[in-house]
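First the structure, in the form of structure tokens, and then the observations on it.
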Amino acid sequence: MAKKPVMLAILDGLGLSDHKDGNAFSLAKKPNLDKIFKEYPHTVLGASGLSVGLPDGQMGNSEVGHLNIGAGRIVYQALTRITKSIEDGDIFKNEALLKAIDNAKNNDSAIHFMGLLSDGGVHSHIDHLKGLIDFAAKSGVKKVYVHAFLDGRDTAPKSALTYIEDLEKHMAEVGVGSIATVSGRYYAMDRDKRWERIELAYNAMVLGKGEVATSPKEAVERSYHDNKTDEFVLPTVIEKDGKPVATIKSNDSVVFFNFRPDRARQITRAINDKEFDGFKRETLNLVFVTMTEYDSTIEGVEVAFKPESYVNTLGEYVSKQGKKQLRIAETEKYAHVTFFFNGGVEEPNQNEDRALIPSPKVATYDLKPEMSAYEVTDEVLKRIDSDEYDMIILNYANPDMVGHTGVIDAAVKAVETVDECLGKVMDKILEKNGALFITADHGNCEQMIDYSTGNPMTAHTTNLVPFAYIANDAKEKELREEGILADIAPTMLQSMGLEVPKEMTGKSLFK
């Protein structure tokens, strides 16, 4: 018997804003989305700050958004957990961090803090780094070094010097710490197996090889002079008296203070995995601490804040009911519809199929704003036609990934591409008498100009995101206001005729 699939299409990075300037969503020709918002029940959802377990006013992101949607409850984020631990002083009792501190003291060796120097709060937070430096100083560690990855994506494109000055001031106040290397996140935080990028960052941190500067400021200013913003600063070794300030050596301790896993895995593997073959590198004997668990298969690392587990996520619960589901996305967002959507669990649920469509190999996605949306659409249409699936979770990466480039014309094209694809998906779901829910995980492409400066804005926003219900019975349904991302899973379960498990604290959006 043909199934009536219930599908969730996540339009990544598509928020709502009344501002027309720099708003790729409102500038785009989008007949299908216009029709949806005119003819079908729709509402708006909170996707940032307290609504998703982040500090008040903190912009949402893809990881957090998918965790909350999949869990059907507010998931308190690593950012909030770590900040609280520092404020409460609990961090001084953290076993993994104590191991790193003790190793440096016992061997009279160095402790290196590596990570994204930013207050973006997506991958890291500068306040966590300051807390770690305070911990090292109070513990009597003298050799304290920072390997700073520069942001410019979750912060303004040319804001690195502000964070460098802030950090250097803090280190001067506590009396320990120097910046040893700087590297744009494009290199140090690649997640697409572009090992040549990771290698440049590795060479700077471990071998002391690469671009050279006498100060972090010099490295950044030189990069700006070459028209490279923070994200693209070439990995640079900071030298003093003609020698590197510090390199990572055997018997040192390393703390990687990024809390978001996806862009932290590759460089962690490059330093730690015995079987690593991405490029030639040293074998080091280190105490290496990751702030959170980046991947349970990474060898030889200590985890400071171990994952919390979530029972009865949407995928797990639907699986327990004997239903079959599909997760589909292109490479850039595949981890989000699988690992993050399942509450940080790598293993698929029973009867959970996955379709990974490769993202195009381009330097930046403004060069191909369509990304792989057409290929994702072709595949999902085939899968819907197979009549196998009760639930389908799909992600279109374009509004977010192209939004991050700051190139507004490309972002408009990205929205138009997704709109075209959505039209085909909508027609197919209605033909099958199924239900299609449309939402986003956070905002981005709807504000691509910093209204205070007029400069391009490449970061996410705190704007509300859309939520719409498309089905043949949609005219009989109404959606309530003041919802959050955690309310989506209970809504979908109601649409599937399933009870909501007690672990889900989200509430259905149907009135």
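Every residue gets a Cβ built from N, Cα and C, even glycine.
Predicted, not measured: the structure shown is a model, and the values here were computed from it.
Now, the feature entries from Swiss-Prot:
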type	residues	note
BINDING	ASP12, SER62, ASP441, HIS442	Mn(2+) 2 binding site
ACT_SITE	SER62	active site, phosphoserine intermediate
BINDING	HIS123, ARG153, ASP154, ARG185, ARG191, ARG260, PRO261, ASP262, ARG263, LYS333	substrate binding site
BINDING	ASP400, HIS404, HIS460	Mn(2+) 1 binding site
Q.
For the C-alpha pair, I'd like the distance in angstrom between HIS460 (Mn(2+) 1 binding site) and ASP154 (substrate binding site), rounded off.
A. 7
Q: Could you say which of the binding-site residues HIS123, ARG191, ARG263, HIS404, HIS460 has its Cβ with the most other Cβ atoms inside 10 Å?
A: HIS460
Q) Among the binding-site residues listed here, ASP12, ASP154, ASP400, which has the most company in the form of other Cβ atoms within 10 Å of its Cβ? A) ASP400
Q) Among the binding-site residues listed here (ASP12, SER62, ASP441, HIS442), which has the Cα closest to the Cα of ARG191 (substrate binding site)? A) SER62
(Q) Of PRO261, ARG263, ASP400, which is closest to ASP12 (Mn(2+) 2 binding site) if I measure between C-alpha atoms? They're all binding-site residues. (A) ASP400
Q | Same chain, 6+ residues apart, C-beta under 8 Å of the C-beta of ASP441 (Mn(2+) 2 binding site), given in sequence order | A | ILE10, ASP12, GLY13, ALA47, GLY60, ASN61, SER62, VAL64, GLY65, HIS66, ILE69, HIS336, ASP400, VAL465, LEU485
Q: Give the number of CB atoms, excluding that of PRO261 (substrate binding site) itself, located within 10 Å of its CB.
A: 24
Q: Between HIS123 (substrate binding site) and HIS404 (Mn(2+) 1 binding site), find the distance joining the two CA atoms and give it rounded to the nearest Å.
A: 15
Q) Is any of the binding-site residues ASP154, PRO261, ARG263, HIS442 within 10 Å of HIS404 (Mn(2+) 1 binding site) (Cα-Cα), and if so, which, in sequence order? A) ASP154
